[in-house]
């Protein structure tokens, strides 16, 4: 997450640059960055960056429907630009305010701001002048003054051409062309729209919009076939540019054309897609238009009942939209009045403050520092620099609104440090404070930018995790938190291992409000502290309990909870006849899901769990293999398992209890293990030979120890490392890989050893190995790992 420590803050300009990068790609993240840029710009007294950040915030606020907040921030940004004497910047903001009022339907207010923008900007003929003139044209058009609108469209077109801005010219030509089309000036409209197509090379969403208007133009001229071609091309471009609004408009125009030609089936097909798009995206006004056209289709088909019900739905939707807009407009007018009054009061206060600043320089500096400190104390924890309870609550409110609107989840977590009170009491509060600072430093980098970790008091930290997909996403965060506590804390002269207790609750499954979520997460945290599990997730099971979060802790319980299982991958002789199968361990955890052996086997080995787990595998596999019709069972051994003094007894017990013949048990040992412990291994290998079981070197050819290991006369076979097999392919005949593999196999054969090749995945590899005379092959070409029942059924 963003670094909140005052000693390591990113500059306001850096935050502003990051916000602009995420705008339109990830608006939620961009909004957070704009907010941080504004806060820090105020602290640094960077007025120019503050104005830019406020402008960016306003754009996103208007986009998500919070136009009142957008207007407030645009007004503040405009006042900053005016105070800086930045006329161009002030004109741009006046233009933005005017455009926003146009979108809200306040056309006279919009006109006032846009005329101010034109006056402030002066006689410059640049892109900003074109933007101001375009917005003035829109307002005059909405006010019913087409002549003034046309004058400003012409001015804007001249400005944008003089500025050498082709994409701006294309957009303006499209808008101007649509304006001429509505006025019935078809020739002028066609020239403008064709110009837009030429500029864009008939690509992008601009071309899609221009083609849509051309289609309407052709339809008005009675050129229905040409209109449909234009709509078809516009549809393809809108899909390619992923512009849903233009795509919906094109589909509606195309349906109107089909309806005009009385092609009812084609019209219905197009309207069906348009209805799906408008319903799924909650575009109610467009959906009302689609339903009206659909009603006309039903009426033309004679389906009067359907036509009536569809028309009624369209009418109800339109009424809802108009009612909602009226209510929103009423709220906006009331809020704008309050905002204007507040802005005037703020302006008066700023004038008084400026007067005092000119006469009392020292007092102003002290006041500024005091304000900055108060803001920091109001939103951030004084000790750690993390967000405090107040800022967390505000961010939760924003996150909850987003989750409710998008149907996504969020998680709230509570963390408590184990034995923190004891550390405070025995080592002193200065050590406890330093511990809290170090914990905050470790926790911040493990979260995403949109997530939050806050200190809410004492040794309590609270996490807000946004947009989680499932329980595993919460688990992943919890694992990272636990891992952050693994290194020792070095505090003054003390070296401490401190662990956390963490509880999480998820919206909306566990609760719907901050207070309820916090209580559930806090309860889960105390459950974790009581059980010593490290982490608990509320509501995951009926008893509100879950397994410990760390894989190591979970692995300790895997055998007891019957989470381990064995699958078998067969190996066959070179004629395809089954010779045996290798036992492969699998672990399915109820929370973590299927865990790769590459992940849990090293943990088992490092903790010593490989000994009891290995014994369980050996016993269970022997029990199942005893039911096979004379097939060899191959079992992998770990280093700790092979080195255990009672290993031979474990093998003997497994054979006796299962009734499996010793000659049908094959134990696989890593070649480096045998080479490293060659002398100490002699007695164990001898004991295995006395039992009558076979020993095979696994991953033969993987390292440089094979030649030493091969000297041991207790070894009866080798399994070629899959890395030597996978590089075999027809395009590399006679390659170094083939020469090396051939040499390794011939050396093993010369010593009278069985040679099994594993990892065989295609016909070429199998044919090449056949020419070398290997004893058996194993791999996905013949069979994937399967259960014991599936193995027996397939024999």
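Cβ coordinates are placed from backbone N, Cα and C, and glycine is handled just like the others.
Record note: among 253-290, 291-328, 329-366, 367-404, 329-366 is the stretch given as coiled coil by TrEMBL. Broken down by DSSP into helix, strand and coil, the repeat 'TPR' (208-241) contains 30 helix, 0 strand, 4 coil.
Each residue in the coiled coil (329-366) has a pLDDT score, and their mean in this model is 57. In the domain 'GGDEF' (408-543), the DSSP tally of helix, strand and coil residues is 58 helix, 41 strand, 37 coil.
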